[in-house]
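A.B. asks: There's a structure below that I have some questions on.
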Amino acid sequence: MAVGVAIKSDGKQYNGRITRFVLLSCMIAASGGLIFGYDVGVSGGVSSMDPFLKKFFLGVYKKMKEDKDVSNYCKFDSQLLTCFTSSLYIAGLFSSFFAAIVTRNYGRKPSIVIGGLSYMVGAAIGGAAYNIYVLILGRVLLGVGLGFTNQSVPLYLSEMAPSKYRGAFNVAFQICIGIGQNSATLINYGTVRIKGGWGWRISIAMAGVPAAVLAIGALFLPETPNSLIQHTNDHGKAKKMLQKIRGTDDVQAELDDLIEASNASKAIKHPFKNLMQRKYRPQLVMAIAMPFFQQITGINVISFYAPLLFLTIGSGENASLLSATVIGLIGSIFVLITLVLVDKVGRRPLFHIGGLQMLISQLLVGGIIAAKLGDHGTMDKGYALGVLILICIYISGFGLSWGPLGWVVTSEIFPLEVRSAAQSITVAVNLSMTFIIAQIFLAMLCHLKSGIFFFFAAWVVVMSGFVYFLLPETKNIPIEKMEKIWGEHFFWKRFVDSSQSEEGGKIEAA
């Protein structure tokens, strides 16, 4: 049995090209990732600023500055501090289920608009916060925006993109996340120098700028042909939209497949219940496993807490923010490389290469910190530089693999009849894991110390094996023909074939 699965699908390619119309529409939609990335970058940055800590987390500030008996690994162990970070993700988790209903019943565009507006309000409240409760309220509203945009934007991009370039279009969402994160770290690096200690307000409130771009821009977005067919009986309107975004009049083959998929979708009254059927077992497993693995890579340890980690190993406040900026830039560069390679090389090879980079770098970082950083004192600058370089290697591996591809794969494998439900499960698992890791990481760092990196390295081994054995290649397969890959996979075909046989028997019996 050849485990390196090479699917010989009969999935066909449709006519069309990348038009300026679809490019502009997808750029506006993908900007939803800007706010997500910006928040990831800004939350870790402001958490390392002295004025911010003194105002909202005085206990943490005193441990960091005054208590010499506290271990390096435990200075930031505060459930209130982690609640500030993780409240966004628990709000996003619950809102993603409402977003699934809106996306399925009213279309992708309304979900994007709601997400953008919620982001705007959350950024304004956060920037004006005068106590911890108002600060967390702003984070919760940001989380609502996150739940709606993460549910709808990847679907929008997959449905608008030509199948040949679908991977690259979805990577654009991750590129926007990287741009947002880099912007946040650069802004943090500047605002920390503002005299008077109110620079953190600018950092938090600036999330309203990309949010406004998304909310206003989304008002002018077209609905996807899939959504138009699903919500109206006007196939002529859907055909005109398909011709416009594909740049050709010859779209009948794709339109016929979209109509067929829509008819199957309309027969499904309870998509969450139907997703539990045996024939959707591969998609259900991927909807849960892919976002779970994406977060258990340890990426949020780096993204949220990079400035705090560098403060832990002895970098100053400015140096820690600068280190976080370097890490973000490296990650963005490699996501751009993935944009070029994903539809040429495929998804699986990038998963393997990136996973190997992540594994080696995490083991080395854990080893260096274990050997050279004690409970008290600081690390030599040479070793601290080595840790920074290894973290950059780790980030580059994530940028090649689980960062963008975790979203690419889950946005393209679901049939239309269960697509919104499956995507909401993906977003819910992603946000649940993000919440859990954000909430417990500082406590884990305090108890496991350098072992935290070995913990995440072990998970990288598990997820790499999962991809090798169970994830088929999806490169160049039209989204409405994606079910073919499961019937040709050595493991998943038993679920698909048996389900089809059972359904066939029921039809014959009737």
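Cβ coordinates come from backbone N, Cα and C, glycine included.
Unlike curated records, TrEMBL annotations are generated automatically.
Per TrEMBL, the feature transmembrane segment maps to 21-38, 79-100, 112-130, 198-221, 284-308, 320-342, 349-371, 383-409, 421-445, 451-471. According to TrEMBL, the domain 'Major facilitator superfamily (MFS) profile' annotation covers 25-475.
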A.B. asks: Does the transmembrane segment (79-100) reach the transmembrane segment (198-221) with at least 3 CB pairs under 8 A, where each pair is 6 or more residues apart?
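C.D. replies: Output no: the transmembrane segment (79-100) is apart from the transmembrane segment (198-221).
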A.B. asks: Do at least three C-beta pairs under 8 angstroms join the transmembrane segment (21-38) to the transmembrane segment (349-371), pairs 6 or more apart in sequence?
C.D. replies: no
A.B. asks: For the domain 'Major facilitator superfamily (MFS) profile' (25-475), what is the mean per-residue pLDDT, to the nearest integer?
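C.D. replies: Taking every residue of the domain 'Major facilitator superfamily (MFS) profile' (25-475) together, the mean pLDDT is 83.
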